[in-house]
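Dumping what Swiss-Prot says about this protein:
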REGION    1-190  region 'Enoyl-CoA hydratase/isomerase'
SITE      E120  site 'Important for catalytic activity'
SITE      E140  site 'Important for catalytic activity'
BINDING   D297, N501, Y660  substrate binding site
REGION    312-715  region '3-hydroxyacyl-CoA dehydrogenase'
BINDING   M325, D344, V401, V402, E403, K408, S430, N454  NAD(+) binding site
ACT_SITE  H451  active site, for 3-hydroxyacyl-CoA dehydrogenase activity
Amino acid sequence: MIYEGKAITVKALESGIVELKFDLKGESVNKFNRLTLDELRQAVEAIKADASVKGVIVSSGKDVFIVGADITEFVDNFKLPEAELVAGNLEANRIFNAFEDLEVPTVAAINGIALGGGLEMCLAADYRVMSTSAKIGLPEVKLGIYPGFGGTVRLPRLIGSDNAIEWIAAGKENRAEDALKVGAVDAVVAPELLQAGALDLVKRAISGELDYKAKRQPKLEKLKLNAIEQMMAFETAKGFVAGQAGPNYPAPVEAIKSIQKAANFGRDKALEVEAAGFAKLAKTSVAQSLIGLFLNDQELKRKAKAHDEIAHDVKQAAVLGAGIMGGGIAYQSAVKGTPILMKDIREEAIQLGLNEASKLLGNRVEKGRLTPAKMAEALNAIRPTLSYGDFANVDIVVEAVVENPKVKQAVLAEVEGQVKEDAILASNTSTISINLLAKALKRPENFVGMHFFNPVHMMPLVEVIRGEKSSEVAVATTVAYAKKMGKNPIVVNDCPGFLVNRVLFPYFGGFAKLVSAGVDFVRIDKVMEKFGWPMGPAYLMDVVGIDTGHHGRDVMAEGFPDRMKDERRSAVDALYEANRLGQKNGKGFYAYETDKRGKPKKVFDATVLDVLKPIVFEQREVTDEDIINWMMVPLCLETVRCLEDGIVETAAEADMGLVYGIGFPPFRGGALRYIDSIGVAEFVALADQYADLGPLYHPTAKLREMAKNGQRFFS
């Protein structure tokens, strides 16, 4: 053994060839943390000092190569001054450079995935051989930063600036065949031939058949583009990528700027450019928020996994209520491998549900994400029925009938008598109390809420609602089923609106106040979209359905009359009474036309102004900043209340629920991280400026205490 550490070993294989193996003890994956980087430095020094070494293979002892840097260390590192961050990056890069500069040929054998720093390690090798099942990529832009271990320097010099920009700016994982096509890897082999393929390459380099020094040289030099080619390549790319990423996500464009700035430099000087840009991005609020989201997501996955121990396996599911929602749930279950019965009392509803599932599967086939054979398999896994004849073996039933408590209670009581005693019943309600619905059941311990968001196939969140009598097994089984469906489940306790809708309706409440104060709803939409929401509140209400919003608001007003009840008529009342229900019937705040692709397109309709005129009670002058605060303060305060009331267990779950459930701007990190970014004391002072707007704007006593003590929601 030439070197042995806790993350890396170097051992002799044959004929002077050694294997540098990443295998981080106590972890399921390899990642670059302080320990791994330090051991890489020591391992390279040990190889350098051993005169018998003629070639090096870099491999992994795990199912994946290296997943990247240890993100948990980012949080502390990114608090350092910018100059220290630059110095730290350059120090790490000296280690990669030392590996790249070894006097012997080096080959990376890539299995599983090599992402971020994992791929950057491979780029420092002379050759790369990749398993057919492996994927590689530089996903750093998704964290608000760009590659910092030489990715913006080596990749453009290896595969050309155009290809490198595409890889870095998109941040996606790339398959072996695509990597080979652009020259990111030198060979692709079957997984079982990876070691042999790497050995073959290194032997050919040792024998002189391959000139590894010539292969290495372009990575050490400036980019092979003249001034005109540089201008055309980089300026065009910046314009295109800026349009794709938008103004709130600067990392992709900054990555291109870094490549451009370093184009005329050799490796070492180019790495200095990369380090400076990386440190600058690391200090931005966008990076802090996106890294926070990543860590929150990991926390969510850990919490969901903890339910696996007691969860029952769901081998057969059922959905009650077909139509668009039922069809979406059936599709999601079937496409992820759980057969499902789809029951309704009407043949036309069954047909609608089947059409929805078939359309979604067809879309996946068109995009190459599913084979026709797999589509047929998924369709066969959805069994439509008008009776309970096949319900005896069902493990979980998702009730998705009309949002009416009496109808839901009747349907749930009926199906309870048709399933086995330990079958789980789950209601896909968006606002109705689970405790109320449970009163109709003989086995309330087997009953939970399972709130999907529309459209089911696109929205990643599922709220699993724990009622007073819900058993932990029922909760755990529902969480496991949601995960199996490819969703991100969050367990919340019962209350009107649960987490997401309880928080969303105060946001709509702020919107209603603005419209009643004479503020143009089109302007409000533009301001909130610029703030980062995927759509403004008026457009969102139209998409959700004015009738759905009207019903939800009444439920919330009944549940929280002190702050959510408003005796005055609102914009939603006016539209509802005028039968302007939004996209579903072609008119809401906006009117809707069909575009070339057959999708609804919103257009301004002046007749809505007459409908809204009676609910405009004043003409108040407000700034764009006021609009943001009228909307965001009540949303944030209600999120705080949900955390304080124990509706949601952690700040991480609260924020992720809003990002996954209603499209809260990811670059702002969620409502609680948004408060942190302003400062808790500053946020309380901000809310107090709008206290005259009512109780929705009044901070809780506990939040005031946090402000006084200088506390935060996230460390």
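Any Cβ shown, glycine's included, is placed from N, Cα and C.
I'd like to know what surrounds each of these features in this structure.
In sequence order, F96, L138, P147, F149, G150, G151, R154 are the residues near E120 (site 'Important for catalytic activity'), counting only same-chain partners six or more apart with C-beta under 8 A.
A simple way to gauge crowding: the CB of E140 (site 'Important for catalytic activity') has 29 other CB atoms within 10 angstroms, across all the protein chains here. DSSP gives E140 (site 'Important for catalytic activity') a helix state.
Its Cβ taken as reference, N501 (substrate binding site) is surrounded by 22 other Cβ atoms within 10 Å in the chains shown. According to its DSSP assignment, N501 (substrate binding site) is helical.
Proximity of V402 (NAD(+) binding site) to non-local residues of its own chain (separation of 6 or more, Cβ distance below 8 Å) is seen for G321, K408, given in sequence order.
In this structure, H451 (active site, for 3-hydroxyacyl-CoA dehydrogenase activity) is part of a beta strand by DSSP. Other Cβ atoms within 10 Å of the Cβ of H451 (active site, for 3-hydroxyacyl-CoA dehydrogenase activity), summed over all protein chains shown, number 24.
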Across the record's substrate-binding residues D297, N501, Y660, the largest CA-CA distance in angstrom?
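Overall maximum Cα spacing for these binding residues reaches 20 Å.
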If you count the other Cβ atoms within 10 Å of each Cβ, which of the binding-site residues D297, D344, E403 comes out on top?
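That would be D344, with the most Cβ atoms nearby.
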Using C-alpha atoms, which one of the binding-site residues M325, D344, V401 comes nearest to Y660 (substrate binding site)?
M325
If you count, for each of the binding-site residues M325, V401, the other Cβ atoms lying within 10 Å of its Cβ, which residue has the minimum?
M325
Can you tell me which of the recorded positions E140, D297, H451, N501 is spatially closest to M325 (NAD(+) binding site)? Compare CA atoms only.
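Closest by Cα: H451.
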Could you tell me which three-state DSSP class D344 (NAD(+) binding site) falls into?
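Coil, per DSSP.
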